[in-house]
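Here the structure comes first, spelled out in structure tokens, and everything after it is commentary.
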Amino acid sequence: MLLTRLPDKMTLAAAVLFFLLTLVSNSRADRDFDVRHRLSTVTRYSAVKDIVDYSFQPTDIPVGCTPIHLNLVARHGTRSPTKKRMRELEKLASHIKELLKDAKEKNLSPQKVPAWLLKWESPWKGKLRGGELDTKGEEELYQLGIRVRERFPDLFNEEYHPDVYPIKTTQVPRASASAVAFGMGLFSGNGSLGLARHRAFAVTSESRASDITLRFFDCCQTYKDFRKSHEPAVDKLKEPIIAEITCALAKRYEFNFTRQDISSLWFLCKQETTLLDITDQACSLFSPTEVALLEWTDDLEVFMLKGYGKSLNYRMGVPLLKDVIQSMDQALKAKEDNQAPGSYEKARLRFAHAETVVPFSCLLGLFLEGSDFQRIQKEEPLDFPPKPPKNRSWRGSIVAPFAGNNMLVLYSCPANSSSKYFVRALHNEHPIAMPGCGGTDFCPFEVFKESIVSPHLKHDYNTLCQVNLDQPKQKPETM
């Protein structure tokens, strides 16, 4: 009898042990969960800039290799919500008052009503303008400028001139303000203005109507048509998740939440966290699992409408890629011709939007899964980012947080026998693997051009985007 019962007791003990380990594991996972890392493209730079793939081993730059040119493509810093979104939050506040009144009439237990909801009003109530760079965004770009200068002292040791350090931005105030904040950090201490010895510097931009380098998405009629027609399909993909969470919260708090309420509360969670450092109000309504799913819906939207979901999303960014390569070619020629210091460009610095940074990351082949790089080379569609709890490389909070950036640094390696020039890829200031260059972050310039850049250059922007070639091009404006 003992022999027949022993397996049952062992099975029971194993089951109990597994249950306890699961509880401990879930408890630890919940403790380690940080909503500040989970806000897709509404994530603040400081929260995620040092989150890296520890399985990737960065290249040790060979002795004798020196940086000779830097290309920066950066998103604007943390900003306030737009006017449209502020109106959405005011509507949410009105509906919450109705829900609270309904809860009172039903004599719901006070424990069911989150205390913060009782007196909540939108922090942006009555504000007439929105979308501007926040003080946190100013600080993000200012500090980034300081770190870039400190990291590449040999690139920023020349006396400032706009032809040596051109700073380009879109004609959108939050982007141009970000460029100014970055420049203040980059050149601080090198001028004569104020106690910090700031100096004046030029920031230039193209008209919105003709800026195909940094606002290619806004000038591309094909893309605008695609986005308008596919946004309902994206909403439909997100709908089951929103519906599931709506039911869960309605049951949890016994409120008649609508799907719009949940979408607005998730948006409020992101704004409170990023702009106000509040994580115990709107965000506390959602469990870690629900936050992960809501983050995934945002990431899915970025993937489909800005990223790898359709090749047009990033191939329309070819003018930007050409601009990057042109600047590298010019720097390489200056090096080969032994041009005098101060007579050639050493860094090209650009400030734009998530709609710029995301496609540019795709053009470089970053954040792909497995053999996806070969698939995009063949122009094959990619699978959606894996749904939680599965891990995924494509996360908006990493790909394009506020102030998110890509840097391509051109190195001269005269002692190298195989190639004299290399390109190093940095994303959010950290080395990142380029699948098109064998998974390294330090790629021979010829390989970078042939394997990563050239396949995209067969696509013409005007053809892709149905641009009217007879339309007169406006001159750049200085801001």
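Every residue, even glycine, has its Cβ placed from backbone N, Cα and C.
TrEMBL entries are annotated by machine, without manual review.
For Cys413 (disulfide bond), other Cβ atoms within 10 Å of its Cβ number 20. According to TrEMBL, the feature disulfide bond maps to Cys65-Cys413 (among others).
If you look up TrEMBL, you'll see Cys269-Cys283 (among others) marked as disulfide bond. A simple way to gauge crowding: the CB of Cys269 (disulfide bond) has 24 other CB atoms within 10 angstroms, across all the protein chains here.
Counting only same-chain residues six or more apart in sequence, the Cβ atoms lying under 8 angstroms from the Cβ of Cys437 (disulfide bond) belong to Cys443, Pro444, Val447, Phe448, Ser451, Ile452. Residues or ranges marked as disulfide bond by TrEMBL: Cys437-Cys443 (among others).
According to TrEMBL, the feature signal peptide maps to 1-29.
Residue pair Cys65 (disulfide bond) / Cys269 (disulfide bond) shows a Cα separation of 46 Å. On a Cα basis, Cys269 (disulfide bond) lies 48 Å away from Cys413 (disulfide bond).
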